[in-house]
Amino acid sequence: MDRFTIKGGIPLKGEVGLCGAKNSGFKLMIASLYSQKPCVIRNFSKIGDVLTTAEIINELGGKVEFGENHILEVSSQGLTKPEFSQKSGKLSRASTYFVGPLLYRFGKAVLPIPGGCKIGRRPLDRHIEGFKALGAEVKVTADVYEISGRLKGGQFKFSKNTHGGTDVLLIAAAAAEGETVLENAAAEPEVDDLIAFLNSIGAKIKRVEPRTIIVQGVKEFHETSYTVMPDRNEAVTFACGALATKGDVFVKQADPKVLSAFLEAVEKIGGGYEIVKDGIRFFHQGELKALNIVTKPYPGFMTDWMAIWMILMTQTKGECIVHETIFENRFAFVEGLKKMGADIELFNPVVPNPDEIYNFNITDDKPEYFHAARVNGPTILHGLNQEITDVRAGASLILASLIAEGESELTGVEHVDRGYENLDGRLCSLGANIKRIKNE
């Protein structure tokens, strides 16, 4: 596996563009399997999730061709089977996304339990409940889901906000018989990107209220050429990098409409930003103040921003609390930050109604999991050798290394590659000193 060596202390300066959204591209590829003709997807991000999805589609008998300029084509004419290997499934969080197209083509789907980041259990029970509500028969073993039957429209209310669950049922309901009403559906922009893509291949889907979506099932789908939305998580990564290193970075294609919670937080801590026609400039303009944050579903402060934000908080004046409410176990990276010199204390806040406050299943919680961090700053960080364990934690450790004194070495960079395309190269274009060392 590759590793990074990083020398800190250099302000990030310059201009950087955004790739297609990590939380969008792979599911558009899967939804393309409804179409009998090839679908073209533009602005895809060549990351691990996309490459793994391509491998699964090829394994099913379809074909994914990668072209130049971030354009790929998905062809489904050769699909031959409704199941893929345990090996592929363990590498991907997307197994249940295939249910709709495979039921549409074969009448059943046999899928391994998904893999992905080790950041807490992804509550797939919400996906399964949704399939059952649409008339599917579901059998679950230790390793696979077997889902069969003709889906029929119905009404389903998610017990809690679920981005993935909303995606999965949107894809499935697109080909169900009749009308499906999804209540308490996720409002994330990437969900609307999926809706727009599905409509572009012939689906009939409309968000009638902020958290209510109506799907009219259709029998046939057609080809499309579609451009993936820019990645708002990348925008936050580069923004925090600019502020934490006392730099000045213009993030092309950054959309203020989908970053409102983040921009509000930047303004409150005293960070500089300027919205212009084709992006947002982020710049350091003096001492930064600590700010409490609670992660929430969109339009709130996104859980994927939490780890990056905590690095910035180590460089602000004062004490702040970061309260994670979406996943039950997302602070694994903190121990590494403490070894670098960060003043962080993990704890569990007193919450009178945890089932209402927390988006994860309370039954998945464990005494050793912490849901909040108390950060004191500013602190001087020191370079350190350590391992990356998941996508956002990896980005945070890279950022921490950029502001640290001395040199850091990071292993496990494949986790970063799964969620960011050429992050090290793009940071280097802003002046960072990062070297990727390929292991023989």
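Quick reminder: no glycine exception, Cβ is built from N, Cα and C everywhere.
Remember, TrEMBL labels are computer predictions, not curated facts.
The active site, proton donor annotation in TrEMBL covers Cys117.
TrEMBL lists Lys22, Asn23 with the feature phosphoenolpyruvate binding site. Cβ-based neighbour count (10 Å, all protein chains) for Lys22 (phosphoenolpyruvate binding site) stands at 24.
Annotation for Asp304 (UDP-N-acetyl-alpha-D-glucosamine binding site): spatial neighbours Asn233, Val236, Arg392, criterion Cβ-Cβ under 8 Å with sequence separation of six or more. TrEMBL lists Arg93, Asp304, Ile326 with the feature UDP-N-acetyl-alpha-D-glucosamine binding site.
The annotation domain 'Enolpyruvate transferase' is assigned in TrEMBL to 7-423.
Annotation source TrEMBL lists 2-(S-cysteinyl)pyruvic acid O-phosphothioketal at Cys117.
Sequence-distant neighbours of Ile326 (UDP-N-acetyl-alpha-D-glucosamine binding site) (same chain, 6+ residues apart, CB-CB distance under 8 A): Thr295, Lys296, Pro297, Thr303, Asn359, Phe360. Confidence across the domain 'Enolpyruvate transferase' (7-423), taken as the mean pLDDT and rounded to a whole number, stands at 94. The DSSP secondary structure for Asp304 (UDP-N-acetyl-alpha-D-glucosamine binding site) is helix. The separation of Arg93 (UDP-N-acetyl-alpha-D-glucosamine binding site) from Asn23 (phosphoenolpyruvate binding site), Cα to Cα, is 11 Å. DSSP assigns Asn23 (phosphoenolpyruvate binding site) to a helix. Ile326 (UDP-N-acetyl-alpha-D-glucosamine binding site) falls within neither a helix nor a strand when secondary structure is assigned with DSSP, and so counts as coil. Considering other CB atoms within 10 Å as the measure, the emptiest surroundings among the binding-site residues Asn23, Arg93 are those of Arg93.
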